[in-house]
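Pulled from TrEMBL, these are the features on record:
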| type | residues | note |
| --- | --- | --- |
| ACT_SITE | 226 | active site |
| ACT_SITE | 260 | active site |
| DOMAIN | 10-453 | domain 'Aldehyde dehydrogenase' |
(Lines of atoms letter the chains of each structure in order from A; the text may use other names.)
(Lines give C-alpha, C1' and ligand atoms only; values in the text may rest on other atoms or scores of the structure.)
Protein backbone atom coordinates (compact mmCIF):
# COMPACT_ATOMS: atom_id res chain seq x y z
CA UNK A 1 0.00 0.00 0.00
CA UNK A 2 1.37 3.40 -0.91
CA UNK A 3 1.56 6.20 1.63
CA UNK A 4 -1.70 8.17 1.53
CA UNK A 5 -1.68 11.12 -0.84
CA UNK A 6 -4.96 12.66 0.35
CA UNK A 7 -6.62 11.82 -2.95
CA UNK A 8 -10.35 11.43 -2.53
CA UNK A 9 -11.73 8.05 -3.64
CA UNK A 10 -14.66 7.95 -6.02
CA UNK A 11 -17.75 8.93 -4.08
CA UNK A 12 -19.57 5.73 -4.99
CA UNK A 13 -16.78 3.54 -3.56
CA UNK A 14 -16.65 5.48 -0.31
CA UNK A 15 -20.43 5.36 -0.04
CA UNK A 16 -20.38 1.63 -0.77
CA UNK A 17 -17.80 1.00 1.96
CA UNK A 18 -19.81 2.98 4.49
CA UNK A 19 -22.98 1.12 3.51
CA UNK A 20 -21.22 -2.26 3.77
CA UNK A 21 -19.94 -1.42 7.23
CA UNK A 22 -23.39 -0.33 8.36
CA UNK A 23 -24.97 -3.49 6.94
CA UNK A 24 -22.41 -5.75 8.59
CA UNK A 25 -22.80 -3.98 11.93
CA UNK A 26 -26.59 -4.23 11.81
CA UNK A 27 -26.34 -7.93 10.96
CA UNK A 28 -23.89 -8.50 13.80
CA UNK A 29 -26.14 -6.75 16.31
CA UNK A 30 -29.24 -8.62 15.18
CA UNK A 31 -27.44 -11.96 15.28
CA UNK A 32 -26.57 -11.84 18.96
CA UNK A 33 -23.96 -14.16 20.41
CA UNK A 34 -22.28 -16.03 17.56
CA UNK A 35 -22.38 -19.77 18.20
CA UNK A 36 -19.41 -22.07 17.72
CA UNK A 37 -21.31 -23.75 14.91
CA UNK A 38 -21.65 -20.54 12.92
CA UNK A 39 -17.98 -19.69 13.43
CA UNK A 40 -16.90 -23.15 12.31
CA UNK A 41 -19.17 -22.93 9.27
CA UNK A 42 -17.55 -19.66 8.20
CA UNK A 43 -14.08 -21.09 8.71
CA UNK A 44 -15.01 -24.20 6.74
CA UNK A 45 -16.27 -22.09 3.86
CA UNK A 46 -13.00 -20.16 3.85
CA UNK A 47 -10.99 -23.39 3.78
CA UNK A 48 -13.14 -24.89 1.02
CA UNK A 49 -12.77 -21.70 -1.00
CA UNK A 50 -8.96 -21.79 -0.78
CA UNK A 51 -8.80 -25.48 -1.63
CA UNK A 52 -11.12 -25.06 -4.61
CA UNK A 53 -9.25 -22.08 -6.05
CA UNK A 54 -5.68 -22.98 -5.03
CA UNK A 55 -4.31 -23.26 -8.56
CA UNK A 56 -6.07 -20.08 -9.69
CA UNK A 57 -4.60 -18.30 -6.66
CA UNK A 58 -1.11 -19.45 -7.64
CA UNK A 59 -1.62 -18.32 -11.24
CA UNK A 60 -2.82 -14.89 -10.10
CA UNK A 61 0.19 -14.35 -7.84
CA UNK A 62 2.56 -15.46 -10.58
CA UNK A 63 0.92 -12.91 -12.87
CA UNK A 64 1.26 -10.15 -10.29
CA UNK A 65 4.93 -10.81 -9.57
CA UNK A 66 5.94 -11.64 -13.12
CA UNK A 67 7.55 -14.79 -11.73
CA UNK A 68 6.66 -16.45 -8.44
CA UNK A 69 7.04 -20.23 -8.01
CA UNK A 70 3.86 -22.25 -7.81
CA UNK A 71 5.33 -24.21 -4.92
CA UNK A 72 5.99 -21.01 -2.95
CA UNK A 73 2.49 -19.73 -3.67
CA UNK A 74 0.89 -22.93 -2.44
CA UNK A 75 3.23 -23.49 0.53
CA UNK A 76 3.09 -19.98 1.92
CA UNK A 77 -0.13 -18.21 1.02
CA UNK A 78 -2.52 -21.12 0.51
CA UNK A 79 -1.25 -23.80 2.89
CA UNK A 80 -0.30 -21.24 5.53
CA UNK A 81 -3.78 -19.75 5.47
CA UNK A 82 -5.48 -23.13 5.63
CA UNK A 83 -3.26 -24.13 8.55
CA UNK A 84 -4.29 -21.06 10.55
CA UNK A 85 -7.96 -21.61 9.76
CA UNK A 86 -7.78 -25.28 10.78
CA UNK A 87 -5.99 -24.45 14.03
CA UNK A 88 -8.70 -21.95 14.95
CA UNK A 89 -11.43 -24.40 13.98
CA UNK A 90 -9.91 -27.05 16.23
CA UNK A 91 -9.57 -24.83 19.30
CA UNK A 92 -12.27 -22.17 19.16
CA UNK A 93 -14.79 -24.02 21.34
CA UNK A 94 -12.26 -24.08 24.16
CA UNK A 95 -11.31 -20.46 23.60
CA UNK A 96 -14.97 -19.40 23.74
CA UNK A 97 -15.56 -20.84 27.22
CA UNK A 98 -16.07 -18.45 30.09
CA UNK A 99 -12.83 -17.98 31.98
CA UNK A 100 -13.05 -18.12 35.77
CA UNK A 101 -11.19 -15.49 37.77
CA UNK A 102 -10.76 -15.16 41.51
CA UNK A 103 -13.02 -12.84 43.50
CA UNK A 104 -11.67 -10.76 46.37
CA UNK A 105 -11.94 -11.95 49.95
CA UNK A 106 -14.43 -12.30 51.58
CA UNK A 107 -16.75 -11.98 48.57
CA UNK A 108 -15.46 -15.29 47.24
CA UNK A 109 -16.56 -16.99 50.46
CA UNK A 110 -19.98 -15.35 50.33
CA UNK A 111 -20.79 -16.57 46.83
CA UNK A 112 -19.45 -13.78 44.60
CA UNK A 113 -18.15 -15.03 41.25
CA UNK A 114 -15.87 -13.38 38.66
CA UNK A 115 -15.59 -14.48 35.04
CA UNK A 116 -14.43 -13.25 31.65
CA UNK A 117 -16.55 -13.74 28.56
CA UNK A 118 -14.90 -13.31 25.17
CA UNK A 119 -17.33 -11.40 23.00
CA UNK A 120 -16.93 -10.64 19.27
CA UNK A 121 -15.90 -7.05 18.67
CA UNK A 122 -18.18 -6.72 15.65
CA UNK A 123 -16.78 -5.64 12.28
CA UNK A 124 -13.04 -5.88 11.63
CA UNK A 125 -11.20 -4.08 8.83
CA UNK A 126 -8.32 -6.04 7.25
CA UNK A 127 -5.72 -4.05 5.29
CA UNK A 128 -3.38 -6.47 3.53
CA UNK A 129 0.02 -6.04 1.80
CA UNK A 130 1.34 -7.26 -1.54
CA UNK A 131 4.19 -9.58 -0.52
CA UNK A 132 1.89 -12.42 0.59
CA UNK A 133 -1.29 -11.04 -0.91
CA UNK A 134 -3.51 -13.96 0.06
CA UNK A 135 -1.82 -15.19 3.23
CA UNK A 136 -1.83 -11.79 4.90
CA UNK A 137 -5.60 -11.66 4.37
CA UNK A 138 -6.57 -15.12 5.53
CA UNK A 139 -4.07 -15.77 8.33
CA UNK A 140 -5.39 -12.89 10.47
CA UNK A 141 -8.89 -13.59 9.17
CA UNK A 142 -8.73 -17.00 10.87
CA UNK A 143 -8.68 -15.27 14.26
CA UNK A 144 -11.28 -12.73 13.13
CA UNK A 145 -13.75 -15.48 12.20
CA UNK A 146 -12.93 -17.66 15.20
CA UNK A 147 -13.76 -14.71 17.45
CA UNK A 148 -17.19 -14.43 15.78
CA UNK A 149 -16.65 -11.21 13.86
CA UNK A 150 -17.58 -10.03 10.41
CA UNK A 151 -14.93 -8.43 8.22
CA UNK A 152 -14.22 -6.04 5.38
CA UNK A 153 -11.02 -6.57 3.40
CA UNK A 154 -8.84 -4.14 1.44
CA UNK A 155 -6.17 -6.13 -0.45
CA UNK A 156 -3.13 -4.52 -2.06
CA UNK A 157 -3.31 -2.57 -5.30
CA UNK A 158 0.22 -3.80 -6.11
CA UNK A 159 -1.16 -7.31 -6.76
CA UNK A 160 -4.30 -6.57 -8.78
CA UNK A 161 -4.88 -10.06 -10.19
CA UNK A 162 -4.75 -11.66 -6.74
CA UNK A 163 -6.89 -8.91 -5.23
CA UNK A 164 -9.55 -9.34 -7.92
CA UNK A 165 -9.56 -13.10 -7.37
CA UNK A 166 -9.94 -12.67 -3.61
CA UNK A 167 -12.93 -10.42 -4.25
CA UNK A 168 -14.52 -12.98 -6.58
CA UNK A 169 -13.88 -15.91 -4.23
CA UNK A 170 -15.26 -14.12 -1.18
CA UNK A 171 -18.39 -12.96 -2.98
CA UNK A 172 -18.98 -16.56 -4.09
CA UNK A 173 -18.53 -18.13 -0.64
CA UNK A 174 -19.83 -15.46 1.74
CA UNK A 175 -22.78 -13.15 2.12
CA UNK A 176 -21.57 -9.52 2.08
CA UNK A 177 -22.96 -9.11 5.60
CA UNK A 178 -20.33 -11.66 6.71
CA UNK A 179 -17.32 -10.83 4.56
CA UNK A 180 -16.72 -8.41 1.71
CA UNK A 181 -13.79 -7.04 -0.29
CA UNK A 182 -12.99 -3.58 -1.66
CA UNK A 183 -10.22 -3.23 -4.22
CA UNK A 184 -8.60 -0.08 -5.53
CA UNK A 185 -5.63 2.23 -5.19
CA UNK A 186 -4.18 4.13 -2.24
CA UNK A 187 -7.13 6.53 -2.17
CA UNK A 188 -9.46 3.59 -1.48
CA UNK A 189 -7.10 2.34 1.23
CA UNK A 190 -7.01 5.79 2.77
CA UNK A 191 -10.80 5.98 2.94
CA UNK A 192 -10.99 2.38 4.18
CA UNK A 193 -8.64 3.12 7.08
CA UNK A 194 -10.87 6.00 8.14
CA UNK A 195 -13.98 3.85 8.60
CA UNK A 196 -15.28 3.41 12.18
CA UNK A 197 -14.53 -0.31 12.48
CA UNK A 198 -14.66 -2.14 15.78
CA UNK A 199 -11.07 -3.24 15.17
CA UNK A 200 -8.59 -2.88 12.33
CA UNK A 201 -5.51 -4.89 11.41
CA UNK A 202 -2.89 -3.51 9.04
CA UNK A 203 0.10 -5.35 7.61
CA UNK A 204 2.65 -3.23 5.79
CA UNK A 205 5.26 -0.50 6.08
CA UNK A 206 5.91 1.47 9.26
CA UNK A 207 5.61 4.74 7.33
CA UNK A 208 2.09 3.84 6.19
CA UNK A 209 1.18 2.54 9.66
CA UNK A 210 1.53 6.05 11.05
CA UNK A 211 -1.18 7.24 8.66
CA UNK A 212 -3.32 4.21 9.51
CA UNK A 213 -3.08 4.94 13.22
CA UNK A 214 -3.91 8.58 12.64
CA UNK A 215 -7.00 7.69 10.64
CA UNK A 216 -8.09 5.08 13.18
CA UNK A 217 -7.56 7.47 16.07
CA UNK A 218 -10.20 9.84 14.75
CA UNK A 219 -12.79 7.12 15.39
CA UNK A 220 -10.95 5.57 18.37
CA UNK A 221 -10.63 2.31 16.45
CA UNK A 222 -8.26 -0.17 18.13
CA UNK A 223 -5.56 -1.36 15.73
CA UNK A 224 -3.22 -4.29 15.32
CA UNK A 225 -0.13 -3.42 13.29
CA UNK A 226 2.12 -6.07 11.75
CA UNK A 227 5.00 -4.09 10.29
CA UNK A 228 8.60 -5.11 9.78
CA UNK A 229 12.05 -3.70 10.32
CA UNK A 230 15.60 -4.91 9.99
CA UNK A 231 15.58 -8.43 11.43
CA UNK A 232 19.15 -9.34 12.45
CA UNK A 233 20.89 -12.71 12.28
CA UNK A 234 23.77 -13.50 14.62
CA UNK A 235 26.02 -16.42 13.72
CA UNK A 236 28.17 -17.27 16.73
CA UNK A 237 31.50 -19.04 16.77
CA UNK A 238 29.75 -22.10 18.19
CA UNK A 239 27.40 -22.44 15.22
CA UNK A 240 27.47 -25.14 12.59
CA UNK A 241 28.52 -22.66 9.91
CA UNK A 242 27.45 -24.66 6.86
CA UNK A 243 24.02 -25.31 8.30
CA UNK A 244 23.62 -21.73 9.52
CA UNK A 245 24.50 -20.09 6.20
CA UNK A 246 22.30 -22.52 4.30
CA UNK A 247 19.28 -21.75 6.49
CA UNK A 248 19.89 -18.02 6.29
CA UNK A 249 20.11 -18.06 2.50
CA UNK A 250 17.04 -20.28 2.12
CA UNK A 251 15.08 -17.85 4.26
CA UNK A 252 16.55 -14.79 2.62
CA UNK A 253 15.65 -15.91 -0.89
CA UNK A 254 12.13 -17.11 -0.14
CA UNK A 255 9.96 -14.77 -2.21
CA UNK A 256 13.23 -13.04 -3.20
CA UNK A 257 13.52 -11.62 0.30
CA UNK A 258 10.15 -9.88 0.10
CA UNK A 259 9.13 -11.14 3.53
CA UNK A 260 8.58 -9.02 6.64
CA UNK A 261 10.62 -11.43 8.80
CA UNK A 262 13.33 -12.18 6.23
CA UNK A 263 16.92 -12.02 7.52
CA UNK A 264 17.80 -8.37 6.92
CA UNK A 265 21.46 -8.31 7.90
CA UNK A 266 23.98 -10.84 9.13
CA UNK A 267 26.47 -10.46 12.00
CA UNK A 268 29.40 -12.92 11.79
CA UNK A 269 32.77 -13.33 13.53
CA UNK A 270 35.37 -11.43 11.52
CA UNK A 271 37.58 -14.48 10.97
CA UNK A 272 34.64 -16.38 9.41
CA UNK A 273 33.67 -13.75 6.84
CA UNK A 274 35.39 -15.35 3.85
CA UNK A 275 33.94 -18.76 4.69
CA UNK A 276 30.44 -17.28 5.04
CA UNK A 277 30.74 -15.66 1.60
CA UNK A 278 31.98 -18.92 0.08
CA UNK A 279 29.22 -20.96 1.70
CA UNK A 280 26.53 -18.50 0.63
CA UNK A 281 27.79 -18.59 -2.96
CA UNK A 282 27.85 -22.39 -2.98
CA UNK A 283 24.35 -22.71 -1.50
CA UNK A 284 22.76 -20.22 -3.88
CA UNK A 285 24.42 -21.95 -6.83
CA UNK A 286 23.02 -25.31 -5.73
CA UNK A 287 19.50 -23.94 -5.26
CA UNK A 288 19.42 -21.73 -8.35
CA UNK A 289 21.87 -22.79 -11.12
CA UNK A 290 20.30 -20.00 -13.17
CA UNK A 291 18.10 -17.06 -12.23
CA UNK A 292 16.64 -15.11 -15.14
CA UNK A 293 14.63 -17.90 -16.72
CA UNK A 294 14.30 -19.98 -13.59
CA UNK A 295 10.62 -20.19 -12.65
CA UNK A 296 11.60 -21.10 -9.10
CA UNK A 297 13.35 -17.78 -8.44
CA UNK A 298 10.91 -14.98 -7.59
CA UNK A 299 10.99 -11.59 -9.28
CA UNK A 300 10.85 -8.23 -7.52
CA UNK A 301 7.18 -7.26 -7.47
CA UNK A 302 7.36 -4.02 -9.49
CA UNK A 303 9.65 -1.36 -10.92
CA UNK A 304 9.31 0.91 -7.91
CA UNK A 305 10.76 -1.70 -5.58
CA UNK A 306 13.34 -2.81 -8.16
CA UNK A 307 14.61 0.77 -8.39
CA UNK A 308 14.63 1.08 -4.60
CA UNK A 309 16.83 -2.01 -4.29
CA UNK A 310 19.05 -0.82 -7.12
CA UNK A 311 19.56 2.45 -5.25
CA UNK A 312 20.92 0.50 -2.27
CA UNK A 313 23.51 -1.15 -4.49
CA UNK A 314 24.42 2.14 -6.17
CA UNK A 315 24.81 3.78 -2.78
CA UNK A 316 27.08 0.96 -1.58
CA UNK A 317 29.18 1.29 -4.73
CA UNK A 318 29.54 5.04 -4.24
CA UNK A 319 30.70 4.44 -0.69
CA UNK A 320 33.33 1.95 -1.84
CA UNK A 321 31.61 -0.95 -0.10
CA UNK A 322 32.41 -4.41 -1.43
CA UNK A 323 29.47 -6.30 -2.93
CA UNK A 324 29.33 -9.92 -4.03
CA UNK A 325 26.71 -10.65 -6.68
CA UNK A 326 25.87 -14.36 -6.76
CA UNK A 327 25.06 -15.03 -10.41
CA UNK A 328 25.67 -18.76 -10.98
CA UNK A 329 24.87 -18.68 -14.70
CA UNK A 330 26.77 -15.42 -15.38
CA UNK A 331 23.55 -14.05 -16.86
CA UNK A 332 23.04 -10.54 -18.18
CA UNK A 333 20.58 -8.78 -15.90
CA UNK A 334 20.49 -5.62 -18.01
CA UNK A 335 17.80 -7.14 -20.23
CA UNK A 336 15.48 -8.15 -17.41
CA UNK A 337 11.78 -7.66 -18.19
CA UNK A 338 10.69 -9.61 -15.09
CA UNK A 339 12.74 -7.38 -12.76
CA UNK A 340 14.72 -10.18 -11.21
CA UNK A 341 17.71 -9.31 -9.07
CA UNK A 342 20.59 -11.66 -8.25
CA UNK A 343 21.30 -12.42 -4.59
CA UNK A 344 23.91 -9.90 -3.50
CA UNK A 345 26.03 -9.75 -0.35
CA UNK A 346 27.02 -6.28 0.86
CA UNK A 347 30.17 -6.55 2.95
CA UNK A 348 30.62 -4.37 6.04
CA UNK A 349 28.54 -1.36 4.97
CA UNK A 350 28.63 1.60 7.35
CA UNK A 351 25.50 2.50 9.26
CA UNK A 352 24.82 5.52 7.04
CA UNK A 353 24.51 3.31 3.95
CA UNK A 354 20.98 3.11 2.58
CA UNK A 355 20.97 -0.66 2.97
CA UNK A 356 21.45 -0.21 6.72
CA UNK A 357 18.90 2.57 7.07
CA UNK A 358 15.85 0.90 5.55
CA UNK A 359 14.28 -2.54 5.68
CA UNK A 360 15.68 -4.23 2.57
CA UNK A 361 12.73 -6.37 1.48
CA UNK A 362 14.65 -7.95 -1.37
CA UNK A 363 17.50 -10.38 -2.20
CA UNK A 364 20.29 -8.18 -0.79
CA UNK A 365 22.08 -9.22 2.40
CA UNK A 366 24.46 -6.92 4.29
CA UNK A 367 27.09 -8.81 6.29
CA UNK A 368 28.83 -7.08 9.18
CA UNK A 369 31.66 -8.58 11.20
CA UNK A 370 32.26 -8.55 14.95
CA UNK A 371 35.13 -9.36 17.30
CA UNK A 372 33.27 -10.34 20.46
CA UNK A 373 29.72 -11.52 21.01
CA UNK A 374 28.67 -8.56 23.18
CA UNK A 375 29.14 -6.30 20.15
CA UNK A 376 26.18 -8.02 18.50
CA UNK A 377 23.89 -7.30 21.46
CA UNK A 378 24.93 -3.66 21.59
CA UNK A 379 24.54 -3.25 17.85
CA UNK A 380 21.06 -4.76 17.72
CA UNK A 381 19.96 -2.66 20.69
CA UNK A 382 21.20 0.51 19.00
CA UNK A 383 18.57 0.01 16.26
CA UNK A 384 14.76 0.12 16.28
CA UNK A 385 13.22 -3.05 17.67
CA UNK A 386 12.78 -5.56 14.82
CA UNK A 387 9.94 -7.92 14.00
CA UNK A 388 12.25 -10.94 14.31
CA UNK A 389 15.74 -11.82 15.49
CA UNK A 390 17.79 -14.94 14.82
CA UNK A 391 20.65 -16.66 16.66
CA UNK A 392 22.75 -19.57 15.43
CA UNK A 393 24.98 -21.40 17.87
CA UNK A 394 25.39 -24.17 20.44
CA UNK A 395 26.55 -21.92 23.29
CA UNK A 396 23.59 -21.88 25.71
CA UNK A 397 24.95 -18.93 27.69
CA UNK A 398 25.18 -16.84 24.52
CA UNK A 399 21.74 -18.01 23.44
CA UNK A 400 20.28 -16.90 26.77
CA UNK A 401 22.14 -13.59 26.54
CA UNK A 402 20.67 -13.08 23.07
CA UNK A 403 17.14 -13.89 24.26
CA UNK A 404 17.24 -11.70 27.36
CA UNK A 405 19.49 -8.96 26.03
CA UNK A 406 17.56 -8.06 22.86
CA UNK A 407 13.92 -7.20 22.19
CA UNK A 408 12.06 -8.22 19.06
CA UNK A 409 8.63 -9.39 17.99
CA UNK A 410 9.77 -13.01 17.88
CA UNK A 411 12.92 -15.11 17.89
CA UNK A 412 14.03 -18.24 16.09
CA UNK A 413 17.04 -20.20 17.33
CA UNK A 414 19.20 -22.07 14.79
CA UNK A 415 16.89 -21.24 11.91
CA UNK A 416 15.00 -18.30 10.47
CA UNK A 417 11.29 -17.51 10.09
CA UNK A 418 10.04 -20.84 11.46
CA UNK A 419 8.53 -19.19 14.52
CA UNK A 420 5.84 -17.68 12.27
CA UNK A 421 4.85 -21.16 11.08
CA UNK A 422 3.92 -22.24 14.61
CA UNK A 423 0.17 -21.65 14.66
CA UNK A 424 0.02 -21.75 18.46
CA UNK A 425 2.59 -18.97 18.89
CA UNK A 426 1.56 -15.30 18.68
CA UNK A 427 2.91 -13.39 15.70
CA UNK A 428 3.48 -9.67 16.00
CA UNK A 429 5.99 -6.91 16.54
CA UNK A 430 6.95 -4.40 19.18
CA UNK A 431 7.42 -0.66 18.85
CA UNK A 432 8.23 0.31 15.26
CA UNK A 433 7.83 -3.32 14.12
CA UNK A 434 4.21 -3.47 15.22
CA UNK A 435 1.71 -3.74 18.03
CA UNK A 436 -0.58 -6.56 19.01
CA UNK A 437 -0.46 -10.11 17.68
CA UNK A 438 -2.45 -12.76 15.90
CA UNK A 439 -2.22 -16.56 15.43
CA UNK A 440 -3.51 -18.99 18.02
CA UNK A 441 -5.35 -17.97 21.15
CA UNK A 442 -3.66 -14.56 21.08
CA UNK A 443 -5.31 -13.89 17.73
CA UNK A 444 -8.68 -14.97 19.11
CA UNK A 445 -8.22 -12.59 22.04
CA UNK A 446 -7.01 -9.76 19.81
CA UNK A 447 -10.28 -9.82 17.90
CA UNK A 448 -12.46 -10.42 20.98
CA UNK A 449 -13.59 -8.14 23.78
CA UNK A 450 -12.71 -9.63 27.16
CA UNK A 451 -15.85 -8.67 29.05
CA UNK A 452 -15.38 -8.68 32.83
CA UNK A 453 -18.43 -10.09 34.65
CA UNK A 454 -19.00 -10.14 38.41
CA UNK A 455 -22.02 -11.95 39.87
CA UNK A 456 -22.85 -10.75 43.35
CA UNK A 457 -24.08 -13.07 46.06
CA UNK A 458 -27.86 -13.04 46.49
CA UNK A 459 -27.84 -13.91 50.18
CA UNK A 460 -26.04 -11.03 51.86
CA UNK A 461 -26.02 -7.25 51.66
CA UNK A 462 -22.28 -7.21 51.21
CA UNK A 463 -21.92 -3.43 51.10
CA UNK A 464 -23.81 -3.05 54.38
CA UNK A 465 -21.88 -5.83 56.11
CA UNK A 466 -18.59 -4.25 55.07
CA UNK A 467 -19.60 -0.81 56.29
CA UNK A 468 -19.53 0.65 52.82
CA UNK A 469 -22.88 2.40 53.19
CA UNK A 470 -23.49 5.69 54.97
CA UNK A 471 -23.62 6.51 57.78
CA UNK A 472 -20.00 5.38 58.16
CA UNK A 473 -18.98 4.11 61.59
CA UNK A 474 -16.56 1.86 63.41
CA UNK A 475 -17.06 -1.06 61.03
CA UNK A 476 -16.22 1.20 58.11
CA UNK A 477 -13.05 2.44 59.78
CA UNK A 478 -11.93 -1.07 60.70
CA UNK A 479 -12.43 -2.44 57.18
CA UNK A 480 -10.68 0.53 55.62
CA UNK A 481 -7.70 0.19 57.97
CA UNK A 482 -7.53 -3.54 57.31
CA UNK A 483 -7.07 -2.77 53.61
CA UNK A 484 -4.58 0.09 53.98
CA UNK A 485 -1.55 -1.76 55.21
CA UNK A 486 1.41 -3.67 53.83
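We count from 1, first residue shown onward.
Using the three backbone atoms N, Cα and C, a Cβ is placed for every residue, glycine included.
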Pairwise Cα distance for residue 260 (active site)/residue 226 (active site) [Å, integer]: 9
Neighbour tally for residue 226 (active site), based on other Cβ positions within 10 Å of its Cβ: 26
DSSP three-state assignment (helix, strand or coil) for residue 260 (active site): coil
PLDDT averaged over the residues of the domain 'Aldehyde dehydrogenase' (10-453): 96
